[in-house]
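According to TrEMBL, the feature active site, proton donor/acceptor maps to B:Y136. Marked as active site, schiff-base intermediate with substrate by TrEMBL: B:K164. Taken from TrEMBL, the feature pyruvate binding site applies to B:V206.
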4 protein chains.
Amino acid sequence: MSIEWKGIFPAITTKFTAADELDLPLFEKNLEVQLSAGVDGIILGGSLGEASTLTTAEKEVLTKFTVEKVAGRIPVVLGIAEGATREAINQAALAKKWGAAGLMLLPPMRYRSDDRETAAWYKTVAASTDLSIIVYNNPVDYKIEVTLDVFEQLQELPNIQAVKESTRDVSNVTRMISRFGDRFKILCGLDTLALEEIVLGAHGWVGGLVAAFPAETVAVYRLAKAGRIKEALDIYRWFLPLLELDLSAKLVQYIKLAEAEVGLGSEHVRAPRLTLTGAEREKVLQVIRTSVANRPTLPDYLSL
Amino acid sequence: MSIEWKGIFPAITTKFTAADELDLPLFEKNLEVQLSAGVDGIILGGSLGEASTLTTAEKEVLTKFTVEKVAGRIPVVLGIAEGATREAINQAALAKKWGAAGLMLLPPMRYRSDDRETAAWYKTVAASTDLSIIVYNNPVDYKIEVTLDVFEQLQELPNIQAVKESTRDVSNVTRMISRFGDRFKILCGLDTLALEEIVLGAHGWVGGLVAAFPAETVAVYRLAKAGRIKEALDIYRWFLPLLELDLSAKLVQYIKLAEAEVGLGSEHVRAPRLTLTGAEREKVLQVIRTSVANRPTLPDYLSL
Amino acid sequence: MSIEWKGIFPAITTKFTAADELDLPLFEKNLEVQLSAGVDGIILGGSLGEASTLTTAEKEVLTKFTVEKVAGRIPVVLGIAEGATREAINQAALAKKWGAAGLMLLPPMRYRSDDRETAAWYKTVAASTDLSIIVYNNPVDYKIEVTLDVFEQLQELPNIQAVKESTRDVSNVTRMISRFGDRFKILCGLDTLALEEIVLGAHGWVGGLVAAFPAETVAVYRLAKAGRIKEALDIYRWFLPLLELDLSAKLVQYIKLAEAEVGLGSEHVRAPRLTLTGAEREKVLQVIRTSVANRPTLPDYLSL
Amino acid sequence: MSIEWKGIFPAITTKFTAADELDLPLFEKNLEVQLSAGVDGIILGGSLGEASTLTTAEKEVLTKFTVEKVAGRIPVVLGIAEGATREAINQAALAKKWGAAGLMLLPPMRYRSDDRETAAWYKTVAASTDLSIIVYNNPVDYKIEVTLDVFEQLQELPNIQAVKESTRDVSNVTRMISRFGDRFKILCGLDTLALEEIVLGAHGWVGGLVAAFPAETVAVYRLAKAGRIKEALDIYRWFLPLLELDLSAKLVQYIKLAEAEVGLGSEHVRAPRLTLTGAEREKVLQVIRTSVANRPTLPDYLSL
């Protein structure tokens with residue numbers, strides 16, 4: 001199965017009730033707004049989805065629910081972040097069974113694999129499934145860089161099709177393109193580098209703040225792709241204080257607070273995360289409210 | 001239940017067969033050598049135990065087997081490294097059921113909690129169990145430092161009794177003692193800083209190379225505690241090139257190679273880890289063989 | 001005195017003879033090529049100029065020589081990198097006397113000043129001169145970040161007019177513009193981030209590889225400013241392996257090797273730097289030669 | 001000329017008057033207290049001496065004054081921190097002329113030399129003088145590590161006799177001793193690691209807080225060397241909050257504040273450093289005053 005890895009892929013948050021159960025109605029509300037705003041795919045079970053706190057049963061419910069609601073309009077991708085190769089393969093099979101079209105596959109958790117082991121990890125899991133795979137390359141948070149030499153080896157797996165580029169090194173977009181052409185589609189994985197990487201040739205953007213601001217996110221992408229850089233830049237400059245919330249270790253709480261403020265979510269998180277309090281919450285709230293108060297008027301980006 | 005947190009606590013490796021199953025006979029062989037060498041506790045399911053690749057069923061087998069073989073002579077401690085508070089509590093209950101005497105509790109995996117969240121994590125899990133808990137404080141590998149202010153809060157939980165000190169900052173031993181006296185027993189968590197921290201007042205050592213060199217490890221500890229620093233230092237200087245193997249991301253493979261060389265284990269690891277090959281294996285082998293060739297004669301440390 | 005801080009400002013290398021004396025004829029040859037290629041200013045005495053090895057007498061010769069040759073066509077800027085405030089003031093007075101139009105002022109050397117001290121440093125030196133000043137903001141190499149709060153204070157000094165932005169954080173361009181408008185002109189200080197920062201609104205580029213490839217550097221800048229992003233990007237992609245030479249601690253040797261290869265300089269450096277040898281030299285040479293062999297045809301960028 | 005590199009070598013501060021001139025009477029007062037406390041050498045012109053702000057004329061005055069007052073009782077060592085090999089050689093010749101017995105030679109300033117260049121730097125300067133040299137190995141602050149392979153090469157220079165070990169990696173003491181025996185005397189260069197490194201075999205300690213607390217510093221050293229570890233540790237634990245002041249970028253201001261509090265100095269520093277103010281000053285003052293209030297009674301360490 002193949003996915004067209006381009007455009008905006010929100011890594012959406014998982015909504016919880018005050019009783020710490022899945023809040024599917026609120027989840028659906030946000031999902032519909034994403035679709036209306038023109039996103040190109042949905043990623044479940046990323047860090048933003050608090051995947052490390054979800055049970056397998058909950059992942060099943062979330063995936064099936066999303067697949068049903070999206071109804072084939074765009075692909076649904078499930079994150080896999082496991083410590084054992086065996087378990088990653090198991091999760092890939094479940095994702096397939098639940099109806100996902102693709103996998104966002106992280107390198108091994110809790111072990112800093114070297115190039116040989118990282119390549120083996122990706123090749124082994126990819127060989128076990130026919131789902132389309134996006135490699136998550138984030139050496140800052142996960143300490144393993146999927147190097148160009150590893151990608152060299154991954155070319156032989158046809159279902160390894162894209163990379164979530166989160167190295168923080170924007171030149172890596174150019175290096176990937178110079179070496180592999182468009183063999184691997186590049187999706188920017190850091191909100192604050194998105195416009196830069198799109199200009200450099202990235203094919204899409206796995207967004208964070210898109211959870212609360214889907215229209216602005218899609219607009220920046222489509223304007224830039226249409227060569228209307230100045231308009232994209234105007235929105236992007238307005239957007240930056242919000243996008244910087246994506247850089248914090250507390251990105252889940254920050255983005256959920258933004259979602260709550262714009263009526264697209266709630267602040268409930270699951271332990272070990274705790275809901276924001278005090279001065280930290282006030283500070284983030286002020287960033288959000290100032291930005292919302294100055295929200296730019298968007299051009300008709302959907303027709304681009 | 002209380003544990004006397006002092007002396008040598010090996011974080012032992014999990015032995016696998018060539019078919020990737022638990023190798024209990026080989027595990028038992030190593031375990032008996034540890035006991036004969038005079039270790040003071042056994043830690044299962046640490047990073048060295050490849051815990052991230054073990055199924056719950058395997059952890060159960062390993063724990064019950066170890067508890068049975070140790071037969072009350074020393075405490076058996078199980079590592080807990082989870083992403084969800086709920087699951088950590090679940091694992092603590094299982095550890096109790098399987099017969100463990102204590103828990104080595106890591107901070108949350110896959111989320112960089114702040115002080116408030118880290119304290120809540122430890123307090124919530126500790127309140128759910130009567131097992132004795134050692135806090136694993138390793139901000140370098142896990143990015144979360146259990147700060148002195150967090151320990152301040154953890155004092156109210158009587159079963160939080162010790163810390164595996166792996167901050168790399170030896171002065172932290174002094175800071176802990178100056179602030180908390182001996183409320184928290186301090187076990188050095190880095191092989192290469194063990195003698196230094198014992199001299200500063202650490203109560204014990206969660207060892208790595210002890211898996212292959214238990215007698216030398218116990219000897220360094222007991223000689224230092226007995227004030228025979230010069231003798232301890234002589235062994236420690238000989239030991240350093242081996243102890244430095246503990247600093248690598250590949251510590252499991254390196255230590256398993258050492259165990260294999262001295263007849264106390266095998267090189268089999270579980271994916272995503274791969275067995276060493278080529279120049280890297282040769283280099284480590286040379287360190288091991290050179291050290292084995294120059295193994296010092298130990299004084300009668302067991303009578304200290 | 002005011003400088004129009006925009007466009008390409010090469011931080012040129014100092015040419016030495018085999019006898020370790022200033023090589024003014026070779027220096028002049030390179031300088032003329034820079035001028036023909038359309039650069040907008042010349043910076044002497046930066047890291048690339050091996051300023052830390054030049055005597056005051058040599059700086060005088062170099063500055064006067066450059067000022068004479070440039071003959072008012074573009075501004076000549078002198079780098080100041082000192083440890084004592086008093087000596088920085090002294091150097092500023094000398095620069096004025098020798099005919100320089102501006103100063104590239106680094107934060108204090110050999111001391112990690114805090115915000116208050118960094119602001120005082122810049123304000124004190126700026127108040128002592130009427131030369132136009134560009135702040136060099138490079139927290140990676142010099143460990144002192146000139147923060148936005150420091151720039152807030154520097155606004156009161158009218159001759160502090162620009163910043164060499166070398167934080168490696170491209171978003172800082174947006175932050176500076178959002179906070180200060182165009183009060184401070186922003187010149188990208190890292191070759192590998194130049195196109196990105198120009199797109200974000202940077203006014204110029206203090207270049208490194210421009211020493212050997214002035215036409216390509218000016219072309220990327222002018223095409224991007226003219227909105228011809230695709231053409232700029234094509235050159236920039238070709239350029240990247242060369243531009244990456246600017247990131248090394250050995251950038252002086254690497255860039256001098258590139259200058260030598262294209263007939264615009266020599267490999268001579270001054271101790272403690274040593275000329276490249278062996279495999280390292282071969283590797284860099286291969287990057288240079290491959291790039292030269294594939295040199296792109298430039299459009300008529302000078303008319304832009 | 002040879003120096004017996006062992007014991008306590010204070011890197012003393014330079015005293016300034018309110019008018020920013022050298023304050024020789026205050027300097028002498030502190031110097032005499034150092035001598036009475038039993039220090040084994042004096043180091044001028046280190047970071048603590050604010051060397052980067054001193055003129056050559058001031059260095060001459062300071063060195064000659066110190067040499068005269070010390071009158072051969074212990075060696076006087078001058079720090080050299082230069083960017084050009086040529087200038088380092090020049091400074092070495094001046095130091096000899098002014099009567100210094102040794103040099104504390106830093107790696108090149110403002111350039112991150114590689115192993116080959118670092119070795120050449122040390123060998124060239126050492127070959128130019130007959131003064132005894134201590135290598136300052138501080139890769140954290142100066143980004144250049146003098147590796148064991150470099151020391152291997154430095155063995156051929158008989159006047160390179162010691163190292164100020166400031167790598168922060170205490171195991172480096174053991175590595176140096178295992179590889180070079182006592183060819184290079186090791187002086188701990190970080191106050192907070194001194195006792196640990198003395199236990200591991202370091203021959204001395206280039207101290208910082210010794211400027212204000214010379215007796216306690218010498219006592220820790222001599223007690224540890226005499227095998228009276230417990231007594232040394234008691235003082236060291238009391239000392240730690242003070243010794244940690246040595247880790248700050250503001251160590252000069254912090255230590256000068258401590259000197260002022262105990263009547264052995266003043267707070268005057270030279271720009272770009274500014275005197276402490278506000279909450280920061282209060283916080284440091286509280287550390288100092290609390291420690292002074294709890295000053296331990298020292299045993300008769302001078303007879304050890």
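Glycine is treated like the rest: Cβ placed from N, Cα and C.
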Task: Cα-Cα distance linking B:Y136 (active site, proton donor/acceptor) and the residue listed as 'active site, schiff-base intermediate with substrate', given in Å to the nearest integer - done: 5
Open item on the list: DSSP secondary structure for B:K164 (active site, schiff-base intermediate with substrate), reduced to helix/strand/coil, please.
Closed with: strand
Task: Cα-Cα distance linking B:Y136 (active site, proton donor/acceptor) and B:V206 (pyruvate binding site), given in Å to the nearest integer - done: 10
Open item on the list: For the residue listed as 'pyruvate binding site', which of the three DSSP-derived states applies: helix, strand, or coil?
Closed with: strand
TODO: Can you check which residues sit near the residue listed as 'active site, proton donor/acceptor', meaning Cβ under 8 Å from its Cβ, same chain, 6 or more apart in sequence, and list them in order?
DONE: B:G79, B:M104, B:L105, B:L106, B:P107, B:Y142, B:V163, B:K164, B:S166, B:G189
- [ ] Quick one: give me the count of other CB atoms within 10 A of the CB of B:V206 (pyruvate binding site).
- [x] 29
